[in-house]
Amino acid sequence: MKVTIVGAGNVGATCADVISYRGIASEVVLLDIKEGFAEGKAMDIMQCATTTGFNTRVSGSTNDYSKTAGSDVVVITSGIPRKPGMTREELIGINAGIVKSVAENVLKYSPDTIIVVVSNPMDTMTYLTLKATGLPKNRIIGMGGALDSSRFKYYLSKALDKPSNDVQGMVIGGHGDTTMIPLTRLASYNGSPVSNFLAQDVLDKVAADTMVGGATLTGLLGTSAWYAPGASVAYLVDSILNDQKRMIPCSVYLEGEYGQNDICIGVPCIIGKNGIEEIVAIALNDAEKALFAKSADAVRTMNGDLKSVLA
Ligand SMILES: NC(=O)C1=CN([C@@H]2O[C@H](COP(=O)(O)OP(=O)(O)OC[C@H]3O[C@@H](n4cnc5c(N)ncnc54)[C@H](O)[C@@H]3O)[C@@H](O)[C@H]2O)C=CC1
Ligand SMILES: O=C([O-])CC(=O)C(=O)O
């Protein structure tokens, strides 16, 4: 199985690293516009093969899309990340043009591929990719909810003082500081509602910390995060390539689901060899439904800024 990652920067290279050492794909191609950069990252990763023990072939390419031919999955991590104090939405001006041209280029060599969109503002970049390529909705997947949910479980595990892997929980809605919806009511500690163990004010703080999880890291690092983002993309790619049919919140085109139309936004999806295989309808209460509608309004407003790119 072959995976191409366009954008060999922090997130793209981390994703290639996780995919190779976990043996998720047999071949990974990293592509970047910076001369020699993807080749260098690929060589560095390949020099881990004997010490971490993997057989995935990782190679790099400077903007030569012929090397990406026949990819089963293409991950788009090209574009600029935010700096402290910025929102993800402020990246649209530069990233929209990059994401559109990258999607068009990859399809020339991998017409049957599934595209995973990571570049921010991710929900809007997913919508742009869908509209610009005309691919069926099951083949365009926006990655954000997997990462946001892993941060949610991290903050819950800290509050519970229990391991993250004993915590279940999901974040839906937009992948933005104010649009994420951590579903605290449905989160559990090995099947028991977390509200059995944590007071409401603590749960509210967990939700608030989750929503600004990316901004917190950007403040600490000076650029946005990459370890958890790269690992979250690899987790999603694993479910596609190995047809695991895991339920992962992803940004997907909605046609009536969750009361929304003509928008890409995070909802729980079954992810397998056909990409988005099902959109799972979970029963939201009235407050959660209202938050989802508000989140969708914000994402839709941002999509309005794509007019010139899509013209
Ligand atoms: N959806 C999510 O959950 C997350 C999204 N992101 C987003 O992912 C993107 C990448 O972040 P980082 O890897 O930290 O940035 P980075 O700056 O480390 O890497 C981006 C790479 O894209 C390359 N690039 C730019 N234009 C290109 C083009 N036309 N073709 C090929 N490569 C091109 C650059 O040369 C650079 O190497 C950002 O937009 C960031 O906001 C980051 C983390 C999580
Ligand atoms: O915070 C950012 O800008 C990058 C991102 O989407 C994340 O780490 O969640």
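Cβ coordinates are placed from backbone N, Cα and C, and glycine is handled just like the others.
Here is what TrEMBL records for this protein:
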| type | residues | note |
| --- | --- | --- |
| ACT_SITE | HIS175 | active site, proton acceptor |
| BINDING | GLY7, ALA8, GLY9, ASN10, VAL11, GLY12, ASP32, ASN95, VAL118, SER119, ASN120 | NAD(+) binding site |
| BINDING | ARG82, ARG88, ASN120, ARG151 | substrate binding site |
| DOMAIN | 1-142 | domain 'Lactate/malate dehydrogenase N-terminal' |
| DOMAIN | 147-298 | domain 'Lactate/malate dehydrogenase C-terminal' |
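For ASN120 (NAD(+) binding site), the nearest of the recorded positions by C-alpha distance turns out to be ARG88; the candidates were ARG82, ARG88, ARG151, HIS175. In this structure, the C-alpha atom of VAL118 (NAD(+) binding site) lies 13 angstrom from that of ARG82 (substrate binding site). Other Cβ atoms within 10 Å of the Cβ of VAL118 (NAD(+) binding site) number 30 in total over all chains.
Distance between Cα atoms for ARG151 (substrate binding site) and HIS175 (active site, proton acceptor): 12 Å, as a whole number.
The helix, strand and coil residue counts that DSSP assigns across the domain 'Lactate/malate dehydrogenase N-terminal' (1-142) are 68 helix, 28 strand, 46 coil.
Using a 10 Å radius centred on the Cβ of ARG82 (substrate binding site) and all shown protein chains, the other Cβ atoms total 18. Close to ligand 1, meaning a Cβ under 6 Å from one of its atoms, are these of the binding-site residues GLY9, VAL11, VAL118, ASN120, ARG151: GLY9, VAL11, VAL118, ASN120. Predicted-model confidence for the domain 'Lactate/malate dehydrogenase C-terminal' (147-298) is 98, expressed as mean pLDDT. Recorded residues VAL11 (NAD(+) binding site) and ARG88 (substrate binding site) have their alpha carbons 15 Å apart, per Cα-Cα distance.
Proximity of the binding-site residues GLY9, ASP32, VAL118, ASN120, ARG151 to ligand 2, judged by a Cβ distance under 6 angstroms to any of its atoms, singles out ASN120 in sequence order. Rounded to a whole number, the distance between the Cα atoms of the residue listed as 'active site, proton acceptor' and GLY9 (NAD(+) binding site) is 20 Å. On a Cα basis, HIS175 (active site, proton acceptor) lies 25 Å away from ASP32 (NAD(+) binding site). Taking the Cα atom of each, ARG88 (substrate binding site) and GLY7 (NAD(+) binding site) are about 17 angstrom apart. Recorded residues the residue listed as 'active site, proton acceptor' and ARG82 (substrate binding site) have their alpha carbons 14 Å apart, per Cα-Cα distance.
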